[in-house]
Amino acid sequence: MYQAVAFLAMIVGTHTVSLRIQEGCSHLPSCCPSKEQEPPEEWLKWSSASVSPPEPLSHTHHAESCRASKDGPLNSRAISPWSYELDRDLNRVPQDLYHARCLCPHCVSLQTGSHMDPLGNSVPLYHNQTVFYRRPCHGEEGTHRRYCLERRLYRVSLACVCVRPRVMA
């Protein structure tokens, strides 16, 4: 269980970044350093931990990609296999987030590991990740590189899960 939690935390983009954020810094322009202070180097160079997801697979639903492997990473052994797509934004912390993309419209049969089972649908599982966007501070004149951090929730697909289809009455 702990391995799955650690794996999902890694994919969500849990990065350790040291930023000097003033208390109550979620609104513009209170985030900006005073004129005597230089902007922290971290604000100018956003760094994020290097996360290497498994190799992305094909972007279409092919029968070959709709197989559950017997070994390998979690995303390829699942009955709702998925691949990862990189979402990079240089003005966001973390800069790199990986989204899961379901490889099959239906779930892979547990009996065969290769045939799709139309009784289950493969759907993404989402999480709202807290991210920070770097924005120029309002009211600052000149060519100073001063930035404010704007906190937002960002929807990230973590994995794909097998669910029963919804029945419309």
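Placement of Cβ uses the backbone N, Cα and C atoms for every residue, glycine included.
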- Message: Can you look up which of Cys104, Cys107, Cys137, Cys148 is joined to Cys162 by a disulfide in Swiss-Prot?
- Response: Cys107
- Per Swiss-Prot, the disulfide partner of Cys102, chosen from Cys31, Cys32, Cys148, Cys160: Cys160
- Find, among the disulfide-bonded residues listed as Cys102, Cys162, the one whose Cβ has the highest number of other Cβ atoms within 10 Å in the structure shown. Cys102
- Query: What's the CA-CA gap between Cys162 (disulfide bond) and Asn128 (N-linked glycosylation site) in angstrom, rounded?
  - Reply: 20
- Item | Around the Cβ of Cys160 (disulfide bond), the count of other Cβ atoms that are within 10 Å | 24
